[in-house]
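Listed in TrEMBL:
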type     : residues : note
TRANSMEM : 12-31    : transmembrane segment
TRANSMEM : 38-56    : transmembrane segment
TRANSMEM : 76-95    : transmembrane segment
TRANSMEM : 187-211  : transmembrane segment
TRANSMEM : 231-257  : transmembrane segment
TRANSMEM : 293-311  : transmembrane segment
TRANSMEM : 323-345  : transmembrane segment
TRANSMEM : 378-395  : transmembrane segment
TRANSMEM : 415-448  : transmembrane segment
TRANSMEM : 460-480  : transmembrane segment
TRANSMEM : 500-520  : transmembrane segment
Amino acid sequence: MALYWCTEALPLAVTALLPIVLFPFLGILPSNKVCPQYFLDTNFLFLSGLIMASAIEEWNLHRRIALRVLMLVGVQPARLILGMMLTTSFLSMWLSNTASTAMMLPIANAILKSLFGEKDTSKDMNRENEENQASLQQNKLYTVPTEMQFLASTEDKDLTEEKEVTSDVLSDLKKEEEYKTNIWKGFLISIPYAASIGGTATLTGTAPNLILLGQLKSYFPECDVVNFGSWFMFAFPLMLIFLLLGWLWISILYGGINLRGWRTKKSNIRVDAEARAREVIKEDYQKLGPTKFAEQAIFFFFCMFAIMLFSRDPKFIPGWASLFAPGFISDAVTGITIVIILFFFPSQKPSFRWWFDLKAPNTETQPLLTWRKAQETVPWNIILLLGGGFAMAKGCEESGLSVWIGGRLHPLEGVPPPVAVILITIVIALFTEFASNTATIIIFLPVLAELAIRLKVNPLYLMIPGTIGCSYAFMLPVSTPPNSIAFSSGHLMVKDMARTGLLMNLMGVLLLSLAMNTWAKSIFQLGTFPAWANIHAENATSLLTAVENVTLSALNKI
C-alpha cells in the first residue's frame, strides 16, 4: 500500500480499500474489525469540516473575506503578499489546502494584471530588452528599444545626448521588468505555501492531523490530551510565527521588501499601478453587493462551529462537554450537530406573515446548503483515504508488525529526544516532497509510536512533529496539490520553488523543534512518560512474547 500510494499506481482512494480485501484473506483481521475503521468518529469530524467548507463556498463568503482583508492591508507589493498569505492560511484552517489555493490564485492574478498588465506582454518586452542589451554589448552601440515612444523627444537632440537618454531608459526598463517578474513570482509562490502552513493550525485543516488523532485512538485508547482545542493552542502560534517569517523571506527574496532602498522614492509608474490595483480590489468587492442574509447565517454557524469545537474540552478549564456523560461527546458530535443545521436553516430571511395571514403564499425556501451541492463538492475520496490509513494502523498493531519494527530501532535508543525530533522532522519533510502527505504520515506514525516507547518519552513528542512535518512540503511542484496548482500557472520554474522552499523547510524544522520544547510541553504534558503509553508498552511486550512463542512452536514442528 505504501508503494502504491507513493507511485500512484492505483488511485489513492482505491489503494485505501485494499485492507478490506487483503486483511481477511491473509488472516490478519476479520472483516467486521477492518470495515469499521473506515468510519471512525475522526472521519465524521473531517466530514463536518468539508461540509462547512461547501456551504462557505456556496455563498461566496470566502471571496468576501479575502477581498476585505486585501482592502485593509493595502496595495504595496509586500503588504499584498502579506494579505494574500494571511487570507489563504485562514481559509486553509477550515477549507482544504487545495480549495484555498484554487480560490485565491484568480484573485492574485487579477491584482497582478492591474499592477503590471498581462504577464505574457511583460515577458516579451523583457526578451526584447535582453536582445537589445546583447546587441549593445556586441556592436558597442546604443539602440532605442521603443523607438516610437521616444522618437519625438530625441529627434532634435545631438547624438551623444540621445545615447545617454536611451541607455538610461533601457536600464530602467530592464530593472522594472525584473521587478515585475519577481513580484509576480512572489505572489504566486506565497499562496500555496500559506495554504500548507495554515492547514496545520486546526485538526480539520489537513488530513495528516486527523490521521494522528485516529491512530492515537487506535494505539493509545486512553490518550485524551489531543482534541480540537489543545491542538489549536499548540499549532496556531506556530503557524503565525512561521507565516510571518515566511512572508519576510518571500518579500526579501522577490523584491517586495528592498533592504537597501527603504527611503527610495517610488516611480510614478508604480504609484499608478498600485492605484489601479486598489480600484480592482474595490470593484471586485462591490460586485459582491451588500452582505446577504445567507452569508450572515453561514458566518454565524461557522463561528459557532469553531467556538464549540474549541470549548468542548480545552483542558485548562472544564468545557461544555463536562455537562454530559463522560466520554459520550466527541469533536465529531459537535461538528456534525452544526452542519446538520445548514441543511434546513433558510437562506433567505424568514417571514412570519403566514402565521397570521391564512392567504399568504406558503412558498418553500432554499436551505443554506442542499444535499446535492454537498454531494458534488465534498471530496469523498479523502474519507476513504483516511479510513485506509486507520485500517492499516489497526493491522500493524494487531499483527505485531509495529512491535517488530520497534524491535529493530535499537540503534536509535541512545539518541537524545530533542535531536530525534529534528531528525524525524527533516526525514519526513524530505520524504513528503516526493510522496503524498497522507501516505507519508500513515507509513511513519506506527514507527514513531514504537520509537517513542523505546526511548521512554511521551509518544506525542515524536508523533506531533512527524505529523506537522508532513505539511512542510515546499520545494517541488509535485510535493502537494497547492504547489502543483501554482506551478501550472506557467509563471514559476522548479528552481524558484527549490531555492525558496529550501529555507522554508529549514525554518519549519527549527520552529517546530522550538515549539515542541517550549509551549507544547505544558499543553500536552510532554515532560513525563504517560500512563496511557505505559499500558501500550506492557501490551506490546506481551504481544511480542506471544508472537515469539508461536514462531518457536512452528519451528519445533518443522
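A Cβ is built for glycine as well, from the same backbone N, Cα and C atoms used for every other residue.
TrEMBL labels come from automatic prediction, so no person has curated them.
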Q | Listed stretch, out of 76-95, 231-257, 293-311, 378-395, that has the most CB pairs under 8 angstroms to the transmembrane segment (187-211) | A | 76-95
Q. Which listed range (76-95, 231-257, 293-311, 323-345) shows the maximal number of Cβ pairs under 8 Å with respect to the transmembrane segment (38-56)?
A. 323-345
Q) Apart from its near flanks, which chain residues at least 6 from the ends of the transmembrane segment (460-480) lie with a Cβ under 8 angstroms of it? A) 97, 192-193, 196-197, 199-200, 206, 208-209, 211-212, 215-216, 223, 225-226, 234-235, 238, 417, 420-421, 424-426, 428-429, 432-434, 437, 440-441, 444-445, 448-449, 451-452, 486-487, 492, 494, 497-498, 500-502, 504-505, 508-509, 512-513, 516, 520, 524, 526
Q. Apart from its near flanks, which chain residues at least 6 from the ends of the transmembrane segment (231-257) lie with a Cβ under 8 angstroms of it?
A. 76-78, 81-82, 85-86, 89, 179, 182-183, 185-186, 189-190, 193-194, 197-198, 200-203, 209, 310, 314, 464, 468, 499-500, 503-504, 507-508, 511-512, 515, 519-520, 523-524
Q) the transmembrane segment (323-345): which same-chain residues, six or more beyond its ends, come within Cβ distance under 8 Å? A) 41-45, 47-49, 51-52, 55, 203-204, 227-228, 297-298, 301, 304-305, 308-309, 312, 367-371, 374
